[in-house]
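The domain 'Anoctamin dimerisation' annotation in TrEMBL covers 38-258. Feature annotation from TrEMBL assigns domain 'Anoctamin transmembrane' to 261-846. Taken from TrEMBL, the feature transmembrane segment covers 272-297, 350-370, 434-461, 481-502, 529-547, 645-668, 696-720, 801-824.
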Amino acid sequence: LALELNQVIIPTYGTVPDQQNLHTPEWVDFDDKTDSLFFKDGQRRIDFVLVYEDESKKITHKRSGRKKQKRKRQVYESNLINNGLHLEATRSVLDEKLIFVKVHAPWEVLCTYAEVMHIKLPLQHNDLKTRDSAFNWFSRFFRVDENIIKPEQEFFTAPFQKEHLSNFYIQDKDTFFNPATRSRIVHFILSRVEYATKNNVKKFGINKLLDTGIYKAAFPLHDSSFGHPSTDPNCPSERYLLYREWAHPKNIFKLQPLDFIRKYYGEKIGIYFAWLGFYTNMLTVAAVVGVGCFLYGCLTKDNCTWSQEVCDPNIGGNIIMCPQCDKVCTYWNLNITCESSKKLCIFDSFGTLVFAVFMGIWVTFFLEFWKRRQAELEYEWDTVEFLEQEEQVRPEYEARCTHVVMNEITQQEEHVPYTACGKCVRMTFCTSAIFFWILLIIASVVGIIVYRLSVFLVFSAKLSQHISGAEAIRKYLTPQTATSVTASLISFVVIMILNIIYEKVAILITDFELPRTQTDYENSLTTKMFLFQFVNYYSSCFYIAFFKGKFVGHPGSPVYWLGKYRNEECDPGGCLLELTTQLAIIVGGKAIWNNIQEVLLPLLKNLIGRYSAAARSEKVVARWEHDYHLQPIGKLGLFYEYLEMVIQFGFVTLFVASFPLAPLLALINNMLEIRLDAWKLTTQFRRMVPQKAQDIGAWQPILQGIAILAVVTNAMIIAFTSDMIPRLVYYWSFSVPPYGSHSSHTMEGYINSTLSVFNISDFKNASKPLSPWFRNQVTCRQVYRDLRYPPGHQHQYEHNIYYWHVIAAKLAFIIVMEHVIYFVKFIISYAIPDVSEKTKSKVKREKYLTQKLLHENDLKGVKKNMGKVADKIIKGEDSTFRHKDE
């Protein structure tokens, strides 16, 4: 059988038989064993389940279509049997139209495909001594009880080879391949078995059969209910243990049982939760420092001299500000921004600078220590050489390989799906489509900006009239605030709509590219989706941080957007508070939206399915039927979970200088996210097909890119968005002679010296306010700190020397901060090796044992056989010599 599998099954993945040669599954009735994971004989384990609707009971007008579907399904199942798999069919208890086909892979098939797939299996126990960490005594309070979930035994492993079967650690053939490995092998076969041939093109794979509706579902079984252990004493009830010790909300402060997660769901799920847990733990440090900086701002806000001047009736109350828009806006007193200036003192303080520098260094520690942790998991989970040996070509790629090219390395012919010219055409088309959608997002951002500019006029003219009787509301609901909040909400809605559309477009583009392996497919899709999400989520924040209020001219000569709309101006304290508002709305709204999508929707669908099933019948239902009524995991698996966390990582690092509480909010969200994702996987979704994963894929370089960009953005936020640099320049240079009149360095007079004076007679007719002037004053102050010469000066309304000092200080600050942080990042990256010495020793020991057990034994056998041959030759020569002598 093994020889037949090698010679026939592996190269051809089955053939399309004639009608009379079709093999069919065994038909059995359900035996009322609700928790059984075996065929009716109780011996053969169910490794996979296929579900289809009986063609004879389908409600459709196309009889020929039903026959074609039935023929394809019968051919497919026959080829599965030809490939050595065992099939058993059972009709549904609740819906007689549904048929469940249970699939079992016998020992010979498992061994054959384990060698084809280069699956690593245990050789012997790990004999390296492990040293307990200094933190073990502390972490044991947060670990799962080892009496409930026992630690996995550590083995040295090697790629499986049937000819060296005796060298592998086999205690029991039934448990040598664990359920996750068995399901992965069966899925590999299901993805490559033919079901039809049309125009000399082979059609194969369970994915296409699912897409065309021939099968309704294909999934491996959960081993028990999540609410109670299995009634089968031989079943370990791993799903129940995972729910009780991992997914349940009571475990929110416990460490995750990563080895157990990997054993049940596979390495791909395990590496996601390992990364998410590690990221959440590292956020604890950032959150503590961020809260400390926030508290520092709260404690020092009462000593904020410039805010006191804004709120002082004799200073801020006497400063008349110029209108912020043309004609309909009126003059206003500076002290109406008193409350916002107090809030700004909390975020725009020296603690913010310290925290921005800290986060630039923190993100480096996070990425470097994650590399070490990832290297440990690669070894422990046998994925060190996964990419080089184990990953198979995608069936969709294989099906399109019609062109013959010469391999430069092997100098042999091989089949590819497209020529070099065809590849260029595909790449050009895909790149153009990506840029088109990015431009569409930029267009939506421009639309939001136009909304801001136009609606500000309305709020400025109408808002004060409608709330004139409520002074308390008027203090907080200014035209700037109303515009900012409504624009942020509209921006959030636009972001969500574009996400839904682009998701489908990105998948279509990636399918058209036709990547070779699943890793290539996911990396390509990841890059596209992140580029889109980066522009979609962050563009409005970049606009507020670096563009709003920077190119506005002055009251006598304002700058217009699109020749019609007057550019927005920031509050007198800058745009930092508005950036904080934008971040809070997008991050908070995104978290709520994602939780609704990820948790409530599957829960509602499952509840509706359960109630409708309960209404039909009170009968005992099999495990495979329970699992069928759960939600499918989706083709992209954990892609959206990674995307959600990486976008959050961007908000936490890129704009943290404007919102030091972002790491704390991210920490709280992630603690809930881990348990919600775990609850979702264990209770609401079918069991995923276990997949190998060496690392977090394309997300790693994306995280590194965000970390580098974060240093620049935070330096520029502090320099250009916050008011820190102008205050420092005033304190050290312009508060004392020769520029100032104070005898010592002070912040007194800062507000008066930084708000430029404008003569109202210099207003142009297009922008002159309609409201009458008051208090018999002839000047007003610019809203923003533009630092210009006053009217009557020979260079009136041109930038003064203070402005150029501030610009020089800002540029110097950016250069110094960037270089210092990048230098520290380089030192940290160099000092922390990617792989620990302990892991290197384990890898070397495993390679040594593999060579010793698998190769040296072969050499000994060869030497032994050669020795026998040599003895025979010597004996033959001796007899020949004796014969000659005689």
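Backbone N, Cα and C atoms are what each Cβ position is placed from, and that goes for glycine too.
TrEMBL annotations: computationally assigned, not manually curated.
Taking Cβ pairs closer than 8 Å, the transmembrane segment (529-547) reaches residues 434, 437-438, 441-442, 445, 448-449, 488, 491, 495, 498-499, 502-503, 506, 575, 578-579, 582-583, 586, 590, 639, 643, 646-647, 650-651, 654-655, 658, 698, 702, 713, 716-717, 720-721 in its own chain, all 6 or more past its ends.
In this chain, the transmembrane segment (696-720) lies close to the transmembrane segment (350-370): three or more C-beta pairs between them fall below 8 angstroms, excluding pairs fewer than 6 positions apart. Using the rule of three or more Cβ pairs under 8 Å, pairs at least 6 apart in sequence, the transmembrane segment (350-370) is in contact with the transmembrane segment (272-297). With a cut-off of 8 Å between Cβ atoms, the residues of this chain six or more beyond the transmembrane segment (481-502) that come close are 340, 437, 440-441, 444-445, 447-448, 451-452, 455-456, 459, 463, 529, 532-533, 536-537, 540, 578, 581-582, 585-586, 589-590, 593. The domain 'Anoctamin dimerisation' (38-258) scores a mean pLDDT of 85 in the predicted structure.
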